[in-house]
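Participant: Straight from TrEMBL, here's the annotation block:
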DOMAIN    B:64-276  domain 'ABC transmembrane type-1'
TRANSMEM  B:7-28  transmembrane segment
TRANSMEM  B:68-90  transmembrane segment
TRANSMEM  B:102-123  transmembrane segment
TRANSMEM  B:148-172  transmembrane segment
TRANSMEM  B:204-223  transmembrane segment
TRANSMEM  B:255-275  transmembrane segment
Amino acid sequence: MKKNAPIRKITLYIALIIGALVSLFPFYWAAIGASNESGKMFSKPPTLVPGSSLMENISNLNAQIDLGRVMFNSLFTSITYTVLSLLICTMAAYAFAKYQFPGRKTIFTIFLLSMMVPYHATIIPLFKMMASLGWLNTYQAVILPNLAYPFAIFLMRQNLLAFPDSLIEAARIDGAGEWKIFFRIVLPSMRPALAATAIFLFMYQWNSFLWPLIALSSTDMYTFPVALSSLFGLSRIDYGQVMAGVTIATLPIIVFFLVLQRQFISGMLGSAVK
Amino acid sequence: MRVKAHVPYLFIAPAVILFSIFMLYPIISSFILSFQTSTGGEMAFNGLDNYTRLFSDAIFLTALKNTFIILIIQVPVMMILALIVATLLNSALLKLKGLFRVAFFLPAVTSLVAYSIIFSIMLMNDGLINQILAAVGLDAIPWLSNPFWAKVSLIIAMTWRWVGYNMVIYLAGLQNIPEELYEAASMDGASKIRQFFSITIPQLKPVILFTVVLSTIGTLQLFDEPYTLTKGGPSDSTLTIGMYLYQTGFRYFDFGYASTIAYVIVVLIAILTAIQFKVTGDDK
């Protein structure tokens with residue numbers, strides 16, 4: 001077995017490098033498309049190096065969809081959603097993990113079971129509800145529906161179970177109130193888990209498509225996925241422009257992920273197997 | 001130390017209230033809607049008519065069939081690839097693990113719409129993939145314009161997006177398998193391949209079940225990719241139940257019938273999940 005080690009190692013690296021290239025290539029190609037003239041994507045041989053049309057593509061794109069506005073819509077809804085949902089879900093998760101109270105099991109089970117119900121089963125009543133409230137085409141229509149996200153509650157609860165009860169007890173003996181314990185002692189020590197859940201929530205909202213597609217009707221309210229989809233649905237597609245849009249929409253989420261990926265992956269690793 | 005009895009309820013109150021309004025109420029409401037039809041703007045009960053209508057609705061049956069074909073092929077292909085990548089990444093011989101992990105995971109952070117657009121441009125008739133095929137002397141493939149290849153395109157794109165996601169979950173599972181099991185097997189002369197099938201797979205069974213259930217739920221709700229990549233075509237060959245629900249509800253505004261389709265998805269998920277638990281003998 002020992003003498004095979006170098007060969008095995010080389011095979012391993014070759015397999016992984018090919019896999020990683022396949023994984024990353026579409027991103028690279030989107031960026032190439034964004035920086036070249038529209039037709040270049042179909043030229044023979046294919047263009048695989050950056051061009052000089054990035055600014056032109058972006059300004060063409062900006063003429064179709066108000067980029068600043070779409071970026072604001074996406075960032076505003078995603079950040080607001082992430083902050084509120086993180087707080088609401090962590091509070092609930094903390095109660096499920098650390099308090100004994102009548103109804104605890106039942107309520108938690110209902111949350112878990114709802115993860116099995118497809119999103120589709122809720123969108124029609126949600127649409128009717130938002131319509132009767134006059135909330136269609138508003139930020140709250142995009143932000144509100146999934147704030148109590150059962151998976152986030154589950155994820156945080158799994159992580160909070162590991163928080164030592166003795167610390168909570170000690171704080172109580174010192175006379176700290178329950179909210180103070182939660183905000184001053186528990187939350188600060190849960191930073192990695194909170195980061196993991198935050199990326200999860202941000203990604204979910206940033207990328208969400210079906211509900212915003214239904215809830216939003218005017219271009220000035222569009223989030224990135226809806227704006228991109230409307231652009232791609234035009235009868236004459238400017239590919240350079242579309243790829244510029246795809247690249248700009250993808251960049252923030254990749255940066256956000258790369259900055260927090262250590263916490264994210266360890267958070268996922270920590271919760272998935274319990 | 002005693003905590004006042006109402007405190008835990010204050011902690012869960014925001015979640016429970018929001019959940020009840022935006023999740024429980026819609027779930028129940030759409031169940032009731034699924035037995036109703038709209039007559040002159042008013043919703044009226046029509047018993048099981050919506051449900052019986054499904055069985056004679058050729059488009060629905062096509063969507064159901066498409067969804068299942070994608071499910072049966074895509075989920076196993078993706079799971080096997082994810083398992084292989086996770087096993088390779090878990091190898092003790094490997095350096096730069098973190099870098100590879102990020103590379104494989106990156107597709108999973110992109111929006112479904114964005115990657116579907118990239119794939120649909122790569123897969124066009126004179127697109128990049130066909131040019132590569134031509135360069136190695138193969139015929140161009142009508143990826144998006146042929147009913148068979150459109151399904152293949154969808155499966156390839158979904159696999160690209162989700163392998164890394166499942167890989168991370170498998171990695172977590174792999175790290176929980178005690179090293180001694182492998183050491184003992186090596187001493188007994190078991191090959192790496194043998195160890196994979198006799199130790200890794202059985203030990204990972206609960207994790208595999210978890211990912212299969214998640215992927216099944218995801219595939220039955222499939223919407224973004226066919227909507228962007230193929231628009232359900234050509235000739236409904238990539239129309240999924242999720243897309244048909246959207247069309248029924250928001251193009252034809254037939255909310256009753258659309259809710260019936262939603263509940264078919266609910267029932268299918270419940271049945272398939274129960275079967276998956278049964279088959280793997282895990283009844284927790």
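From the backbone N, Cα and C atoms, a Cβ is placed for every residue, glycine too.
Heads up, TrEMBL stuff is auto-annotated, nobody curated it.
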Participant: If you count every Cβ pair below 8 Å, which range out of B:7-28, B:102-123, B:204-223 shares the most with the transmembrane segment (B:255-275)?
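Facilitator: Maximum Cβ contact count belongs to B:204-223.
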Participant: Can at least 3 Cβ pairs under 8 A be found between the transmembrane segment (B:148-172) and the transmembrane segment (B:68-90), with each pair 6 or more apart in sequence?
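Facilitator: Contact between the transmembrane segment (B:68-90) and the transmembrane segment (B:148-172): present, because at least 3 Cβ pairs are under 8 Å.
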Participant: Below 8 angstroms Cβ to Cβ, which residues of this chain, lying six or more residues outside the transmembrane segment (B:68-90), approach it?
Facilitator: 97, 100-101, 104, 151, 154-155, 158-159, 162-171, 174-175, 196, 200, 204, 208, 211-212, 215-216, 219-220, 222, 240
